[in-house]
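Taken from TrEMBL as is:
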TRANSMEM  58-82  transmembrane segment
TRANSMEM  102-123  transmembrane segment
TRANSMEM  130-154  transmembrane segment
DISULFID  193-209  disulfide bond
TRANSMEM  274-296  transmembrane segment
């Protein structure tokens, strides 16, 4: 009897002990998924950007928006200048690559694309666009520095390049309205005519003495000492026949000296302003890069 009572007590205790173990194992099993499903334990929420970070983000957006508008303006000016001269299919005397309006188009496209990437990257917190913006600005800055170093290293060749550019302007004076406006402004403001002297205009096929037409043996009206008639109306015929006159007689009508010496002296006088403008451009690009890097650091710690 005693032996049967001991076995009965063991049978009674077994379910309780096994149930305790099962409860403990179930409790452990239920605790593990709850811990795994808690995002606060395994995936902490990144802190929200502070006031300074938000201000930098909005400032970067407005900064790039300003340059986006300037780039679109330059692009519009270039396209308008190209369309104002006629359709691309029309016959043109000058090669298309020599059109100065292409510079506005290229600068406008580049500035607009880079600024748009900066705007969208700052507004949408897009790391790819911000990295593209930073890389493009650094590439432009590198090209600017390289160009400045090349100009400093090749100063003696710069004068020859400037002479060739002015000669090209003289040759295409009648064919390109932009070049005509540029040459007239230089001759009128610097009070000069031609490259070395007023007789350089003989190289132009329209002003050469063997050319047909009323402009033969003439120079542009911007070479005249007094390009106005009665002080109010522009006299476009004030320099007609100037190349037929001697130097003494022509000196009473037009400027005899060329523009090369005056333009070189003017550029030397503007060296300080050019250097200041380049420094401002570098500072603007540096500020753009720093703001973009700050926004990028807040997005991708």
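Cβ coordinates come from backbone N, Cα and C, glycine included.
Whatever TrEMBL says is automated annotation, not expert-curated.
Owing to the predicted nature of the structure, the values given are computational and were not obtained by experimental measurement.
All protein chains shown were included, and the count of other CB atoms within 10 Å of the CB of residue 193 (disulfide bond) stands at 27.
For the transmembrane segment (102-123), the residues of the chain that approach it from at least six positions outside its boundaries are 57-58, 60-61, 63-65, 67-68, 70-79, 81-82, 96, 129-130, 132-133, 136-137, 140, 288, 291-292, 295, judged by C-beta separation under 8 angstroms.
For residue 209 (disulfide bond), the same-chain residues 6+ apart in sequence whose C-beta sits under 8 angstroms from its C-beta are 202, 216, 217, 243, 244.
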